[in-house]
Amino acid sequence: MEQYEVLEQIGKGAFGSALLVRHKVEKKKYVLKKIRLARQTDRTRRSAHQEMQLIATVRNPFIVEYKDSWVEKGCYVCIIIGYCEGGDMAEAIKRATGDHFSEEKLCKWLVQLLMALDYLHANHILHRDVKCSNIFLTRDQSIRLGDFGLAKILTSDDLASSVVGTPSYMCPELLADIPYGTKSDIWSLGCCIYEMTALRPAFKAFDMQALISKITKSIVSPLPTRYSGAFRGLIKSMLRKSPEHRPSAAELLKHPHLQPYVLQVHLKSSPARNIIPSHQSPIDKVKKMTFPTESMCRSKGRRNSLGNERIVTFSKPSPERKFTSSIQSIKDYSTTRSVKDLSIDVSLVEEVSSKTTFTTRTSSIVKTPKRTPSKTITTPQLEPPKVSYNRVNRSELLSRTPVNRSARVIRRASLPLPLPSSETPKRGVSSISILEQLESPDVSVNSPRIDRIAEFPLASSEDPPFLKLHGRRSPTPTPQHCVIDQSITKDKCMVEAFHIIDVDDDDGRSDSSSGRNNAAAAASSRAGSSESTRQRRFDTSSYQQRAEALEGLLEFSAQLLQQERYDELGVLLKPFGPEKVSPRETAIWLTKSFKETGL
């Protein structure tokens with residue numbers, strides 16, 4: 001205590017007081033929380049010691065900073081924590097006086113609180129007293145969650161049963177004397193976000209019995225219509241009566257409406273504060289790719305894989321999501337999932353002219369069965385392959401299909417791309433990473449946009465995108481030409497992309513001359529049928545493709561129904577009304593497809 005100078009008392013509670021102090025050497029302000037032990041019950045004493053031990057172990061950028069702690073003369077537990085100049089959220093709501101917070105600010109606060117709770121829940125810690133007066137604001141209006149006096153450490157499958165907390169923020173299962181878990185904190189957080197949004201408590205009554213009745217029935221007033229439907233629905237999902245139907249903190253962080261704010265937090269957070277893994281730097285989080293106007297430029301890409309799980313989401317800027325298109329996956333703190341964000345400049349497609357030629361070097365990613373960093377192997381320094389793009393309309397969209405595939409396997413276009421094989425590329429053979437120049441619409445199960453779904457051609461095994469060349473060096477090297485044409489429809493705009501790959505086999509070696517002859521025959525047959533290949537699209541007369549499309553539609557509809565997203569389900573099924581598509585015809589061709597498949 002000799003190291004600190006007491007400035008003033010800033011708070012007082014039933015079990016102690018809070019003092020504003022200044023460190024004599026650092027000249028920095030802190031908060032001294034003194035919890036009285038004398039004339040207290042054993043439970044209160046245990047709670048004070050537990051808070052001291054717990055706050056000393058947690059480390060998260062959105063939880064109050066721990067500085068020091070000690071027991072003073074056996075009568076007080078003293079805890080030194082970081083000082084938040086912005087006060088607590090309850091004071092901020094009172095100062096608002098009818099002037100609502102912006103949705104952007106509320107979403108940022110919600111993401112920070114969810115990350116704090118996700119960190120606690122991943123470490124089996126229940127806060128049990130999440131309320132606006134325990135949410136503090138820093139000078140730059142960032143969130144700090146504090147007051148762990150009622151926190152409880154659970155075992156892996158344990159539940160809490162003690163009725164503790166603030167009545168207005170208690171969940172229905174706690175009031176019903178039912179054992180509760182981490183979803184109780186989600187309910188309390190939902191009450192806080194509701195209060196921050198509506199500037200009034202979610203549940204308020206004149207007596208305790210009426211309050212309990214409102215909470216158990218989960219009766220809340222409508223939120224202000226100035227906020228988007230997605231944001232209001234997100235708050236309502238946190239206030240569902242059944243804890244099984246409430247999303248967890250990790251699931252809420254993956255909600256499409258919060259993705260821009262999650263990305264901002266990842267970029268701003270320090271690696272030392274447990275949001276970004278220590279082996280990654282914030283600079284590596286987002287890689288922008290732009291092409292200069294010169295006709296020749298060299299692009300060097302580098303990709304790392306931290307496990308055998310790959311989560312890729314293509315997103316496109318929209319009025320509601322004003323941020324750079326990114327490929328991202330969100331780190332789940334309870335597991336060892338990797339965080340990989342790749343940002344693609346939107347101007348990439350527009351800057352590539354119809355006759356611009358550029359060279360690329362790509363790397364092959366070795367997939368390992370365990371969650372260990374995989375090796376990145378780059379190809380030797382050779383003459384890089386040349387790729388030319390002809391732009392027919394204002395945009396280009398390229399798709400990629402695996403080279404090695406079985407005869408009957410047809411991948412649905414909406415599924416994620418498979419990982420590259422662990423095969424090391426040979427000299428003279430180069431693969432082109434089209435994903436690095438790809439601009440794709442935002443189409444996902446969690447955020448359906450029917451008008452943005454592109455029609456991807458379902459390539460078959462006899463239509464490989466690149467022709468592998470295995471040839472022994474001959475006295476007079478002959479370049480092989482492989483022409484690949486694919487036609488893709490996106491936003492009512494026809495795009496034809498021509499891939500011309502020239503492989504100079506000066507250093508390449510083959511095992512026999514048969515490989516070279518087969519490659520030449522395949523190239524000639526490809527050139528002969530290029531006209532018909534250019535026009536390939538989704539074949540509406542194909543029973544198998546239509547059956548797969550309908551299967552995907554039904555799966556999509558079932559998932560929307562299960563998540564109670566009825567508005568999006570209505571948009572999805574609207575084209576299949578009585579005046580739109582005949583259910584009878586649909587049943588006929590579906591039955592035919594089943595019969596043919598059975599044969």
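Each residue, glycine too, has its Cβ placed from N, Cα and C.
Swiss-Prot lists 4-258 with the feature domain 'Protein kinase', giving sequence analysis as the kind of evidence. Annotation source Swiss-Prot lists ATP binding site at ILE10, GLY11, LYS12, GLY13, ALA14, PHE15, GLY16, SER17, ALA18, LYS33, citing sequence analysis. Taken from Swiss-Prot, the feature active site, proton acceptor applies to ASP129, supported by sequence analysis. Swiss-Prot lists 511-530 with the feature compositional bias 'Low complexity'.
Locations of recorded Swiss-Prot features on the structure.
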residue	record	CB count, 10 Å
ILE10	ATP binding site	13
LYS12	ATP binding site	11
ALA14	ATP binding site	6
GLY16	ATP binding site	21
ALA18	ATP binding site	16
ASP129	active site, proton acceptor	19
According to DSSP, which of helix, strand or coil covers ILE10 (ATP binding site)? strand
When DSSP states are folded down to helix, strand and coil, where does GLY16 (ATP binding site) land? strand
What is the separation, in Å, between the Cα atoms of LYS12 (ATP binding site) and ASP129 (active site, proton acceptor)? 17
Using DSSP and three states only, what is the residue listed as 'active site, proton acceptor'? coil
Could you measure between ALA14 (ATP binding site) and the residue listed as 'active site, proton acceptor' for me? Cα positions, answer in whole angstrom. 15
Please find, for ILE10, GLY11, LYS12, GLY13, ALA14, PHE15, GLY16, SER17, ALA18, LYS33 as listed binding ATP, the greatest distance between any two Cα atoms, in Å. 15
